[in-house]
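TrEMBL has this to say about the protein:
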- Glu252: active site (ACT_SITE)
- 15-478: domain 'Aldehyde dehydrogenase' (DOMAIN)
- 440-467: region 'Disordered' (REGION)
Amino acid sequence: MNVVANYLNFIGGEWVSASSGETHEHFNPAKPSESIGFTTVSTVGDVEKAVEAAKSAAAGWKAMSSVNRGEILRKAADILEERADDIAKTATQEMGKRFIETKGEALRGASILRYYAQEGMRKKGEVLPSAANGTTLLAVRVPVGVVAAITPWNFPIAIPIWKIAPALVFGNPVVWKPGQETGITAAKVTKVFEDAGLPAGVLNLVLGRGSVVGDVLTTHKDVAAVTFTGSNAVGQNIAKLATEHGKKFQLELGGKNPAVVLEDANLDLAARLVVEGAMKQTGQRCTATSRAYVEASIYDEFVEKVIENAKQITIGDGLQDGITMGPVASKKQFDTVTGYIQKGKDEGAELLYGGSTLDIDGGYYIEPTIFGNATHEMTIVNEEIFGPVVALMKVADYNEALEKANNTIYGLSAAVFTDSLEKAFHFMENSEVGMVQINGETGGAEPQAPFGGTKASGQGPKEQGQSAAEFFTTNKTVTINPFTK
Ligand code: NDP
């Protein structure tokens, strides 16, 4: 057994074991017999200590100028870049995503940090006209207070950073609970902030199980706001608790993202991007393409091209060169995804490609799976699978495709492939999602652009870009009357 270390909580600037004394062992999903290390397992009491530490650090952090706060983020970006290979390797070993993807995520984390470092130099309010003569009226953005950040395992570097970086630059201390399966990566990301010179207590890491510590993080009297990315079930519980306890909340939840492929599209491009959109990160992205609506006149040709693309995928340990798809993240994901594939078969979808599991070192490998002639009655068309599975459907025309693309509880992202400006603009206006791609794959995010969905895919202000200020600050209106005599 190759046990490398025991990773601890980071509370009030100290690395400390959880009071439970319990540890969680991490195994490599590409080779489940390989132990990666241990993480401490927090109790409610540990979270209370972390919130206390954050509360104690709040005034000092708020008093530091946002320019200087941004300077710490800039240092963190440099350190993250220097350590990108090590952190990416750890993330790959913890959750199976290919090294090229985890490295890309680390570098993206660095650009998110730089973007928000710069935010510290941008305006923090507005001067408004007042009806009273001689009076200055200001609307000033101020920190919300202690932020709880609850993040998933699927983007273990970038998602936490796109919550933590804006929280910090806008003057809020943070208590961060990462996905338990990626706790080692989280400890390494936290160390980056420590080494960048973040004052003690400003960022606190609590490792452990969300089912144990999630409620207290959401309801604690000293937590002002909760930002969450993950499943709809957990998100809805957080929304309920946060509402009952008067907390601000922001939820980024699941997706069932459609691609619409029209007869005037570049079919080579569309087939490549539908397959990439579905299979990148082994389909474990909230923005993954999971349904494609294809005009009947080009359906057969499109199917052929999709299969050709799927055949190019090479499966294996994401640390190896030349691999284009790693395992799914865990046994739990393996069971869930294979369960959905079985449902697809049972409910009568046509299995066009893949559909089987692969035994490589006992890892959690699933073939890229393409279903055809799927219908809206099928489970695989309605539920988020979070695995390398896409369902293709034949439609008569654009109108049917749009109507079906919108026929879902989710509203995260959607793509249309067409050369028609008219249809592209119509889709942009009428697709019921937070993010639209014209001739692009459904995934993808840039630090300067708002990220998030509508309908069941999200609640609260969007993440990233300037939208982050809406969640991580509150507006204070200040009236200044300088003439007192
Ligand atoms: P969860 O929603 O369970 O996990 C996300 C985060 O929430 C983790 O940090 C988790 O901790 C924490 N958590 C778990 N239970 C609670 C709770 N009661 N209160 C507060 N926080 C909690 O997602 P899973 O990792 O279990 O994945 C299940 C499915 O969710 C996936 O198959 C996928 O469909 C969807 N998902 C969507 C994501 C997205 O990007 N929109 C990301 C991840 C998952 P812990 O890890 O300790 O359980």
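In case you wondered, yes, glycine gets a Cβ from its N, Cα and C as well.
Each residue of the region 'Disordered' (440-467) gets a DSSP state, and the totals for helix, strand and coil are 3 helix, 6 strand, 19 coil. Sequence-distant contacts of Glu252 (active site), defined as residues of its own chain at least six apart whose C-beta falls under 8 angstroms from its C-beta, comprise Phe228, Thr229, Gly230, Cys286, Phe451, Gly452, Gly453, Ser457, Gly458, Glu463. If you average pLDDT over the domain 'Aldehyde dehydrogenase' (15-478) in this model, you get 97.
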